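J.: Here you go, one structure.
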Amino acid sequence: MSFLGGSECAANANPLAQFFKQSQHDTSLEQSLRNSAHDTHQNAQIRAPVAMNEAERAHMEQFMNQSTPFNFQPMANELRMIQPDLQTQTTPALRGPRAQNPVPLQIPGQAQPQVSGWSSEFQNTATSQVTHSPSPVSQVRMRSMGMAPRLHLRPFSSANGPIQASSMTNSVMQEDTSQQVDWEQQFKEMEEMEEMEEATAAMQQPAEETVSAQESAFDQVWDNIQETYADNMLSNDEFQAQWEKDFEKYAQTRLNYGEYTFEENNQFRNNLDAYEIGIKLMESGAKLSEAALAFEAAVEQNPGHVDAWLRLGQVQTQNEKELAGIAALEKCLELSPQNLVALMTLAISYINEGYDNAAFATLERWIETKYPEVAERARNANPDIQADDRFSLNKRVTQLFIKAAQLSPEGANMDSEVQTGLGVLFYSMEEYSKTLDCFQAAIEHNPNDALAWNRLGASLANSNKPEQAIEAYSRTLQLNPNFVRARYNLGVSFINMGMYRDAVDHLLTGLSMHEVESLDGSSSVARSNQSTSLIETLKRAFLAMDRRDLIDKVKPGLNVESFRKTYDI
């Protein structure tokens, strides 16, 4: 016989062999357990016989010739008395047709044995009452049918075939033994859990002590901070001194530009009306480079001329000569520390050069000068003015400008310079949507301000809106055609859009505005305070156009008119 492929003659599939096995089995144990049992009618059911050989037929005749048939009913009664009746505990799904006709578990590759009639009948009354522990295979099937896996079910072993009646009492005794082992195992697990809880409690106690110690240390440090803070309270005069020290600190974090460098060949040097000439040149729309020479002559004649230094700084920043403009504006503030126009212009120049902290400190000085009550309330509300990181300083100054803007929120009384300062603060933190709102508000208040239109164009360009930026720059040049910085910004926008020919045209025009006429009528370019940004950007445009032959031709002192004629640009 083979457990892997049982045939018709195998004991697992032969009903007569199973009958004979039951009749010859020792039933002394069952007899001792059923002294009070009565014989009842046996309701054995046998299915149609299969073909038998001679040996099987002889076994059958021997069995049939016995005086009385083997009675299984008393044994079944005794089993019902020994084992708990699980019939009432069976779920309705288990009492259905599938429960009445259970199918033994079949392992793949192994033939499923045929089930005899008596075995089927016995399984109707006994096998459904025996608890088993499910295998992983049976658990998967239960879940797939929507049934929760039963606990303590032990699956059949397909190699042993259907459960035999003679093995039931042995299984009862084995189950009692297994229950005893289970109880011992459970007691052991409970003891282990108690030991783990004790160990955990022992570990938590030092941790709680550590937390308590840390809280005490924190309280002590906090008390020390409060005492130190109370001892270091500053008066208003001390606040003012600290504020000035703060400004000087941030102003010194940038590059030291030193003294302003004057142009050697200046046609206005000996003109006593150089300052007035410079004003007229700006009003008439002359080149900014010519006006710069006039203001240079004015401050050389009178180094204490505040307005001349201010005008010189404004002209040089608009002429795309940022460093020269910063030097002039700082000199102006040395002479007049509370000059509002110089403070705002210098703060914007600091932002352009990347000195953000110096710009924030300059804007803070601007608020303190124009809106002292706002600064005073801020000092009283927030005595800690020691924060020197970029973000904290920007936040502090931004709050000051917002409070100043709330004093005149709208209408003719709105301070456009407050909106400009707010826009610069937001611009430095790359918050371009807020920047646009501020500069647009400033333009609404003064629609003909070329500087405001140029700032709006820069914000639009950094917001990835080059078309709108070009419109803003174009409006700037309509208001001030000699605004070199606006032409430079316009050229950069054209490069970003791939319109290199237009970019080159505006950049060359900006360079041509640096040329001035000398006393003999010839054109020349200032040798001092030259702009490198225009030259470097023009080289980028030629590189993008694949005109490498022109890159080396672009250098300081370039004669733009001759360059255009020679290279047809």
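Glycine is no exception: its Cβ is also placed from the backbone N, Cα and C atoms.
In case it helps, Swiss-Prot gives these features for our protein:
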CROSSLNK  Cys9  ubiquitin cross-link
CROSSLNK  Lys21  ubiquitin cross-link
REGION    10-32  region 'Amphipathic helix 1 (AH1)'
REGION    57-72  region 'Amphipathic helix 2 (AH2)'
REPEAT    272-305  repeat 'TPR 1'
REPEAT    306-339  repeat 'TPR 2'
REPEAT    340-377  repeat 'TPR 3'
REPEAT    378-415  repeat 'TPR 4'
REPEAT    416-449  repeat 'TPR 5'
REPEAT    450-483  repeat 'TPR 6'
REPEAT    484-517  repeat 'TPR 7'
MOTIF     118-122  motif 'WxxxF/Y motif 1'
MOTIF     183-187  motif 'WxxxF/Y motif 2'
MOTIF     243-247  motif 'WxxxF/Y motif 3'
J.: Tell me, please, if the repeat 'TPR 7' (484-517) and the repeat 'TPR 1' (272-305) are in contact, taking contact as 3+ Cβ pairs under 8 Å between residues separated by 6 or more positions?
T.: yes
J.: Below 8 angstroms Cβ to Cβ, which residues of this chain, lying six or more residues outside the repeat 'TPR 2' (306-339), approach it?
T.: 257-261, 275, 278-279, 282, 288-289, 291-292, 295-296, 298-299, 345-346, 348-350, 352-353, 365, 369, 451, 480, 483-485, 488, 510, 513-514, 529-531, 533-534
J.: Quick one: DSSP breakdown of the repeat 'TPR 2' (306-339) into helix, strand and coil?
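T.: Taking the repeat 'TPR 2' (306-339) as a whole: 27 helix, 0 strand, 7 coil.
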J.: Can you name the far-off residues of the same chain, 6+ from the ends of the repeat 'TPR 1' (272-305), with a Cβ under 8 Å from a Cβ of it?
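T.: Non-local partners: 260, 262-263, 266, 311-312, 315-316, 318-319, 321, 328, 331, 335, 480-484, 513-517, 526.
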J.: Same chain only, please: residues at least 6 beyond the ends of the repeat 'TPR 5' (416-449) with a C-beta under 8 Å from a C-beta of the stretch. Say none if there are none.
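T.: Residues 340, 344, 347-348, 351, 356, 359-360, 363, 366-367, 370, 391, 394, 397-398, 401-402, 404-405, 408, 455-456, 458-460, 462-463, 479.
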J.: What mean pLDDT score does the repeat 'TPR 3' (340-377) have in the model?
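T.: That region's mean pLDDT is 95.
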J.: Summarise the motif 'WxxxF/Y motif 2' (183-187) as counts of helix, strand and coil residues per DSSP.
T.: 5 helix, 0 strand, 0 coil
